[in-house]
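Report on the following structure.
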Amino acid sequence: MASGEGFLTDEQREMLKIASQNVETALPSPRLSSSPKSPTSLLSDHQLKVPAGGKAPTGGIAVRHVRRSHSGKSIRPCKFYLLYNWLAHLGPPVNKNGQPDIKDGAGGKGTWGKLLDTDGESHIDRNDPNYDSGEEPYQLVGSTISDPLDEYKKAVVSIIEEYFSTSDVEVAASDLKDLGSSEYHPYFIKRLVSMAMDRHDKEKEMASVLLSSLYADVISPPQIRDGFVMLLESADDLAVDILDAVDILALFVSRAVVDEILPPAFITRAKKTLPESSKGYQVLQTAEKSYLSAPHHAELLERRWGGSTHVTVEEMKKKIADLLREYVESGDTFEACRCIRELGVSFFHHEVVKRALVLAMEIQTAEPFMLKLLKEAAEEGLISSSQMVKGFARLAESLDDLALDIPSAKTLFQSIVPKAISQGWLDASFMKSSCTDGEAQNEDKKLDQYKKEIVTIIHEYFLSDDIPELIRSLEDLGLPEYNPIFLKKLITLAMDRKNREKEMASVLLSALHIEIFSTEDIANGFVMLLESAEDTALDILDASNELALFLARAVIDDVLVPLNLEEITSKLPPNCSGSETVRMARSLITARHAGERLLRCWGGGTGWAVEDAKDKIMKLLEEYESGGVVAEACQCIRDLGMPFFNHEVVKKALVMAMEKKNDRMLDLLQVCFNEGLITINQMTKGFTRVKDGLDDLALDFPNAKDKFSFYTEYAQKKGWLLPSFGSSATEALPTAAAS
């Protein structure tokens, strides 16, 4: 023992002796394992604590040699391992001088060897019988979810940078096509312009040229529009980094209009979507007033950044005209295509198409040459299909002017189009659009004239309150297909005025519905109003509430029926402000005492309360019953100015007929119905109200039910009542007979 323990100090030798004794006494009895002197307790004193996260450290011999069964339960270590682990915590051996004696080898005289290294690093042996995969160190690796839009934005930056370096439009277009994700193209436009804004004029010009080249071929017109809208919305942010951002962005917008990739109407429409205090609104104002309204603005904008070819628009047009005339003389199609390619203005190829067609009309012998050139240019991909269609469309728009110099221009053009389509170098969709272009222009002119006329008519009505005169004016126009447009204009003008005009508009709708407007006309007019509700709200703050009142009032006045509200909703986009207005109108109609409230929402046609109106109706009927003239009674009903309340006239006339036992009231109702003074809806509503109150009337007039049955049969013979009233009326007849 002495020889085996010569490397221990006396203190360590004593501790080893005590530990050996404790191990022998501890193993047989588990209860003694908690002895303060036991190796297990000594081991627990030296073990590392488990962190709060619950993951035990992987380093250390003690952890490595804890055995587990397949069931997951811990197995008591053998005597050797208990002693072995205890020794590991005594510290390293010492040499003769009392210093730690650790060698890097796997053993040797006076060392514990590699087995007892306690440097905190764990070396797990998968061949160890006690190997547990749960002791393997692991690390959580976070994976980021890639956003397709973010990836797209990164990719287009590289495309734009490369384009600014190479000036190669075709490569940029090809790269953008290969990138896919065409739904994100508006972001490309925003990035291209915003990057160019912070660079020299060369890059600004290149950006405009690229946009014109990509237009229709790679990026659709709506995407071009959306991209510029995004730029306008971010103008405030761009102005932080670029001092003259407003002016530069106005130039880009103006250039896009001149290059015909944005329509001129874009500026007006975009203004409605932007706050007046925003930089985007200032951009549009600058573009409209400073650039697009200037004389010769197209040439100025083309040269503003030097131009892609450093020539003016007029010079470019002259170059195109010259090469086409040379081609007519030489007939060399290959040379002509080469010259077109050298122009380097692919976005301006529609001018080549237009001038080639004009030349074909001017010189009859030139037509076969021009058609051959356009056909080969299209087949080679030199002139894109969109540029070809654009060239034909530009010529179609100017045919009227061209016919002054070339009388047969329209006939020649109409003969060229079918040839181009049959040979495959003009899109077939152009035929449909070209056939309707002239009609559409005439229709637009007619509609514009109609709108001007009806504005004058409506203003005169608001001054005179003369409904018959207004109806005569509309009949003189002779355009009943535009009735919905009249309704839209009437209510729009009334909404911007006082309650008097609003009331007059509602009363007029009732009269028009009786005379010349169908229910479909009125429903379609309200659909047009609701579709433009968001634009109307820009000028009239309370437009939504006002429209809801007009719609609800139309139902109360029997101009529309509740079912029409469902039809109107079905024609509107889901979740739009117009749909919300219809819901608001429906809630107004279903509210308690809705009829009375809506009749007085703008003061009423005469400003009377409902009770006052009932009193006047009673008096005029009494006057008529006492020997008055039918025409006078009708005029009094008309003077009430409440056609939506005529069902009360019907009800009181029937009740008075029962009371007086005099059928003269039926003669009055007949005249009112024949003149259209009381509509079939109002007549049916009046009969319904009497039927609903028959039980109460029978208390005062015992034969009320018999009389009502007689009146109903008479009204049905005369056609006063809706067919739907027949079933409910016949159900009441047996009851009347039984009583």
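Glycine too: its Cβ is placed from the backbone N, Cα and C atoms.
What you see is a predicted model, and the numbers here were worked out from it, not measured in a lab.
Residues annotated as region 'Disordered' in TrEMBL: 18-59, 98-136. Sequence annotations record features per position, and here TrEMBL assigns compositional bias 'Low complexity' to 27-44. TrEMBL lists 116-129 with the feature compositional bias 'Basic and acidic residues'. According to TrEMBL, the feature domain 'MI' maps to 151-272, 315-436, 449-570, 612-731.
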Checklist entry - Of the stretches 151-272, 315-436, 612-731, which racks up the most C-beta pairs under 8 Å with the domain 'MI' (449-570)? => result 612-731
Item to check | Taken over the domain 'MI' (449-570), the model's mean pLDDT | outcome: 85
Item to check | Per-state residue totals over the domain 'MI' (151-272) - DSSP helix, strand, coil | outcome: 99 helix, 2 strand, 21 coil
